[in-house]
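Read through the structure below, which is laid out as C-alpha cells, and then see the notes.
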C-alpha cells in the first residue's frame, strides 16, 4: 500500500504544474478512477483543468483537492530538483508533496482499496479536483460547484485534502475558515517640490491619520468558532524614490479576515465612512475572496474525529485558523465541510517534503471515513 501511494505521489510531483496549469496530472488520476468504475465530467475553463468524478447514488461524500502548485522560488535554495521527487530518510521531497499531491495520492489509493472491498457500497463517492487553487481560484472549484448547483446535484459531505495538520497527521482539522476581503485604496494629493509644500498637497500626510483610524476599527469580538476579525496592511506605496518630490498619490492595501459575526457589507461601510469623514480625495477597489463558513458538530465531523481517534488514539483539535481554502465554495451548497490533510510545516517553502509514513496514515484515515459513511 505504501509503495502504491508513494509511486502515485511521485508521478504527480514530477509534473511541474505551477498554478493554474495541470499538465497531465488529472489524466493520471482520471485513468485510475475510471478503472474502478467512476464516471467523469470535465469542467475546464480557460487555462484551468477541473473534473468531477462520481460512483454510486445517494448521499454524497466528496474528496476535494487541487493538482496545481505554487512556484518553486529560488532553484538554488533547493537541495534537490523540486520536480524530481526524491526519497531521503523516510521523507518524500518535491514541490507539492505536502500541498497537496501527497494527499491526492492518499485519496485515490484509499478509494481504490475501498471500492475493492465494497464494490456495491451505499451512497455516492466522488472527487472534485481543480488546477486553480493556488492562484486566482476564479476558474477552479467554484466552476464545478456552479455546474453541480445548476443540475441541483448537491454534495452532502466533503473532505478537503488541504494540509491541516501541525505536528502529526490528524492533530488538527479545519471545520471552517474566516472570510477575506481586500480594500485597495488610493489617496490623491498634488505632486510638487518638497521645499514648497504650500504649492503641493501631500497625500501621505493626509493618509496616515486615515490609515490609523481604519486599523483601529473593532469589527467584532469573535465567537465560539472564530477569533476576532482582523484588519492588516498588506502593501503601502507612495513616491518614486526621490527625496525632493512630494508624491501625487498614496496607495494602501488592507486585507480583512473576518468572522461570521460581520458581513462584507458592514466592513465596507465602516471603512468608507472613515474615508468620507476626512477631507481627502480617494478611490477604492474591493476584492472579495469569500465568506466565512463553519461546519458545526454533525455526522461528518463525528465520523472524521472517530477515524482519527482510531489511528492516533487522540482526538483532533477543531480550528478555523489560517487562510482561505476552496472549502468556502463547496460550503455554498450547504455541505458539511472538513479539511483533513498532511502536516503543513513545509508547504510553499523550499525543500517541501512529507513523511512516507504520513502518506500511508492519511490514506488509511480517508479509507476509514469512506467505510464509516458509505459501507
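Even glycines carry a Cβ here, placed using N, Cα and C.
Counting only same-chain residues six or more apart in sequence, the Cβ atoms lying under 8 angstroms from the Cβ of residue 162 (Zn(2+) 1 binding site) belong to 65, 99, 100, 103, 174, 325, 326, 327, 339, 341. Feature annotation from Swiss-Prot assigns Zn(2+) 1 binding site to 66, 99, 162; the stated evidence is sequence analysis.
All protein chains considered, the CB of residue 68 (active site) has 26 other CB atoms within 10 Å. The feature active site is assigned by Swiss-Prot to 68, with sequence analysis given as support.
Sequence annotations record features per position, and here Swiss-Prot assigns Zn(2+) 2 binding site to 99, 134, 348 based on sequence analysis. Counting Cβ atoms from all protein chains shown, residue 99 (Zn(2+) 1 binding site) has 27 others lying within 10 Å of its own Cβ.
All protein chains considered, the CB of residue 133 (active site, proton acceptor) has 27 other CB atoms within 10 Å. Summarising the annotation, Swiss-Prot assigns active site, proton acceptor to 133.
For residue 66 (Zn(2+) 1 binding site), the same-chain residues 6+ apart in sequence whose C-beta sits under 8 angstroms from its C-beta are 100, 129, 130, 131, 132, 133, 134, 140, 141, 326. Cβ neighbours within 10 Å of residue 134 (Zn(2+) 2 binding site), excluding its own Cβ and spanning all shown chains: 22. Cβ neighbour count for residue 348 (Zn(2+) 2 binding site): 15 (other Cβ atoms within 10 Å of its Cβ, all protein chains included).
Residue 134 (Zn(2+) 2 binding site) falls outside any helix or strand according to DSSP and counts as coil. In the three-state DSSP reading, residue 99 (Zn(2+) 1 binding site) counts as helix.
The Zn(2+) 2 site, placed at the center of the C-beta atoms of 99, 134, 348, has further neighbours from the same chain whose C-beta lies within 8 angstroms: 69, 70, 96, 100, 347.
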